[in-house]
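These features come from TrEMBL:
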BINDING   K104, S208, A209, F210, L211, E282, D297  ATP binding site
DOMAIN    172-388  domain 'FAM20 C-terminal'
ACT_SITE  D277  active site
BINDING   D297  Mn(2+) binding site
Amino acid sequence: SRRHKLYREELNLTSPAAPLPLRPEANWLQFHLGISRDGLYPRSSPAVTGLLRDMQEFPTISADYSQDEKALLGACDCSQIVKPSGVHLKLVLRFQDFGKAMFKPMRQKREEETPEDFFYFVDFQRHNAEIAAFHLDRILDFRRVPPTVGRLINVTKDILEVTKNEVLQSVFFVSPASNVCFFAKCPYMCKTEYAVCGTPHLLEGSLSAFLPSLNLAPRLSIPNPWIRSYSFDGKEEWEVNPLYCNTVREIYPYSNSNRLLNIVDMAIFDFLTGNMDRHHYEMFTKFGDDGFLLHLDNARGFGRHSHDEISILAPLSQCCIIKRTTLLRLQLLAEPEYRLSDVMRESLLQDPLAPVLTEPHLLALDRRLQLILEAVGRCIDTFGEATVVANDTAQPQSPAGDRAKLDT
């Protein structure tokens, strides 16, 4: 607290600052205005390119806990947390242009694999998985992951010295190795053993751009029909009933909309990353039941390159449907000249923290892509291409009124 006070006095931050004007051309605002029923951003979006650069370069002006962490502060029993070190510490960082991003610090080295005995709900969350998921989502032409970039954060200057949250200030300490560290309160990491540390001040992390506020662009959070059991011994119906999709098809909106096809897209995306932790999905209410599903919270992906979790593909293998556009993109990325691992490797080189993924993780993408295509092939052999492959290639252009307009 004393250091924080001296820092603010030195920079004359104790006196009221002149209000900063909101620039309509700010990249984060242009990103928000570019959201449409087709995705979070157009295929060629200068705003996204600029936003990634801004999140990498702009100085932070404030840091705070996220809202869900604030809601839980003091409301949990640490003894009931199965593995406190496995749950991710995250902070909201604000920048000079009024933009903000979710910061997730490095907690696991790239070459480390998730231990075989770990359950998915106690796994580490990985900053590089968030970055890689954004690039993969863009390569697949889904455009449903918010722009995400890696950055070396100075935990002293970029967090401690700009936060006004006294609780956050109080969890900083200097380790015996003279590194600056911090940890969260009870809801996440309850002890200093679970802290994250700079070297001595610099710490890798991912920065994911915030979506528009809920009052401007309301979203629904919906349980995934293929949700997993979050207990050590439970099983959900889909895990024991191969005909489970027949039940899902009888329930609106999965009965007469694109929702089921979008669930299959999400399952394909999660299978490629190895993410088993998709218990909910979110949608913008503005775009109705046929709107796209947001692919948020991907930090539990890319944990084990040596294991392919086939159960993640249950929506595809049980329902035997897939969008034609998705299938065509997957087939293209299986061709030697457009191999998915090569495209990902080249894309990830643009990130400041490159290499983001190790080579075994990149090669695992090619192997998993073949498994997806084999699953589609079995479905076609059983039910015929006309039944399995849904033609979504002739959709009309979205009218201007369908764009997510924000009041500024």
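Count begins at 1; order follows the chain as displayed.
Glycine too: its Cβ is placed from the backbone N, Cα and C atoms.
In this structure, the recorded positions under consideration are D277, E282, and the one with the smallest number of other Cβ atoms within 10 Å of its Cβ is E282. In terms of Cα spacing, the binding-site residues K104, S208, A209, F210, L211, D297 that come within 10 Å of the residue listed as 'active site' are D297. Sparsest Cβ environment among the binding-site residues K104, S208, A209, F210, L211 (other Cβ atoms counted within 10 Å): F210. Within 10 Å of the C-beta of D297 (ATP binding site) there are 23 other C-beta atoms, taking all protein chains into account. Per the record's binding annotation for ATP, residues K104, S208, A209, F210, L211, E282, D297 show a top Cα-Cα distance of 20 Å.
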